[in-house]
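S.K.: Have a look at the structure that comes next, please.
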Amino acid sequence: MSLVAIGINHKTATVDLREKVAFSPDKIHDAMKSLASRTRSGEAVIVSTCNRTELYCNNGDEADIIAWLEEYHGLDHKDVAPCLYNYHGQDAVRHLMRVASGLDSLILGEPQILGQVKQAFVKAKEAGTVALTIDRLFQNTFSVAKKVRTDTEIGAAAVSVAFAAVSMAKHIFSSISTTKVLLIGAGETIELVAKHLKDNGVASMVVANRTLERAQGMCEEFGATAITLAQIPDYLPKADIVISSTASPLPILGKGMVEKALKQRRHQPMLLVDIAVPRDIEPEVADLDDAFLYTVDDLHSIIEQNMASRKEAAEQAEVITEEQSFLFMDWIRSLESVDSIREYRSQSMAVKDELVERALNKLAQGSDTEQVLIELANRLTNKLIHAPTQALTAASRQGDLNTLGQLRSALGLDKH
């Protein structure tokens, strides 16, 4: 039984090559069936994301799996081979556990990869390319990833600007879900901020953007209200939290506008997070008594501290994945021993059945009973001791005392 993991990721290949070896959702079902047909066990799972494509197979030949990948995508070996990595046995198990735990991700400890691995496993089950070994491998992997997140602090600290902005708001407001939020801009960063806010239960969001259509498209997904930049003065007094990220060369919020809004709020505090470069909010806003202004530099210092914390947690996570990969291989070896015992018993029974049938035929033909029984016993003894005798002889000739000792112990010779 041999587990194989072959892949390509953001560390080994350019985005251009990663796109070429990726599997689209509408094709991955048939792709897994095709890949599984190239293994002796019929087991295969394909994990394909924007940052990685990995093939996990049981009883597959490495060279054949690589050839399949190249054939499937119509790529030259010389273009793909230098960017591939491969793992076997316990190393393959450990690699999958590291991937699912976020230890091999572009952003250390990011949780999205676990959901992507789970989705790949579900698709493989639907395709019929999962049996005992791969099923146990992935189920164990999901348990390990959960253990990593509960037993370490790898996912506790923010390491993206968007996540850090929302984390800061959570520390300042005791119940962020009841706050009113004004988001300025409708780009990727603000969209990610909106996602984190929604995940934290924020229901009241307003998105202000230069282009109303762009803001409306984003608001549909998050249940927010879209406004233009010109409407900001009307909505600013209602905002407990303001997070801004536009490409404007000039500030969007000036000290005067914020001061006026604070007066209308009767000086209830307002958190303003400016993650734009150049800045969207005039730095003088920080001088206002009830305004708490943070910039992208403040967030980066938090992120650096948090990344150091994640790296420390990652060291603990590495120990967990190492230990759990050993335990999984113990289970694999137990399966192999069961298979060996079953095969040995089956072989011995076949020898017995053959010789008993021959003896019964001789008795039916009138042969002497005692002679037939003696012949049966001798033939059965010779058949059963043939393989052990050969193994003992070979170990003795080679001077392999370790193997010789193990054979003597297995055959019960040391008991006499």
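Each Cβ is built from the backbone N, Cα and C atoms, and glycine gets one as well.
Dumping what Swiss-Prot says about this protein:
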- Cys50: active site, nucleophile (ACT_SITE)
- Thr49, Cys50, Asn51, Arg52, Ser105, Glu110, Pro111, Gln112, Gln116: substrate binding site (BINDING)
- Gly185, Ala186, Gly187, Glu188, Thr189, Ile190: NADP(+) binding site (BINDING)
- His95: site 'Important for activity' (SITE)
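Situate these features within the shown structure.
M.R.: Long-range Cβ neighbours of Cys50 (active site, nucleophile) (same chain, at least 6 residues apart, Cβ-Cβ under 8 Å): Arg18, Ala22. Following the DSSP three-state reduction, the secondary structure of Cys50 (active site, nucleophile) is coil.
DSSP assigns Ser105 (substrate binding site) to coil in the three-state reduction, placing it in neither a helix nor a strand. Of all Cβ atoms in the shown protein chains, 21 besides its own fall within 10 Å of the Cβ of Ser105 (substrate binding site).
Counting every protein chain shown, 25 other Cβ atoms lie within 10 Å of the Cβ of Ile190 (NADP(+) binding site).
Sequence-distant neighbours of His95 (site 'Important for activity'): residues of the same chain at least 6 apart with a C-beta under 8 Å from its C-beta are Ala5, Tyr87, Asp104. DSSP assigns His95 (site 'Important for activity') to a helical segment in the three-state reduction.
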S.K.: Which three-state DSSP class does Gly185 (NADP(+) binding site) fall into?
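M.R.: Where Gly185 (NADP(+) binding site) sits, the three-state DSSP reduction gives coil.
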S.K.: Between the Cα atoms of Thr49 (substrate binding site) and Gly185 (NADP(+) binding site), find the distance and write it as a whole number of Å.
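M.R.: Here the two Cα atoms are 28 Å apart.
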S.K.: Please give the greatest C-alpha separation between any two of the substrate-binding residues Thr49, Cys50, Asn51, Arg52, Ser105, Glu110, Pro111, Gln112, Gln116, in angstrom, as a whole number.
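M.R.: Answer in Å: the longest Cα-Cα distance is 15.
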S.K.: Any idea what the Cα distance is from Asn51 (substrate binding site) over to Glu188 (NADP(+) binding site), rounded to a whole Å?
M.R.: 18
S.K.: Round to the nearest Å and give the CA-to-CA distance linking Pro111 (substrate binding site) with Ile190 (NADP(+) binding site).
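M.R.: Checking the Cα atoms of Pro111 (substrate binding site) and Ile190 (NADP(+) binding site) gives a distance of 20 Å.
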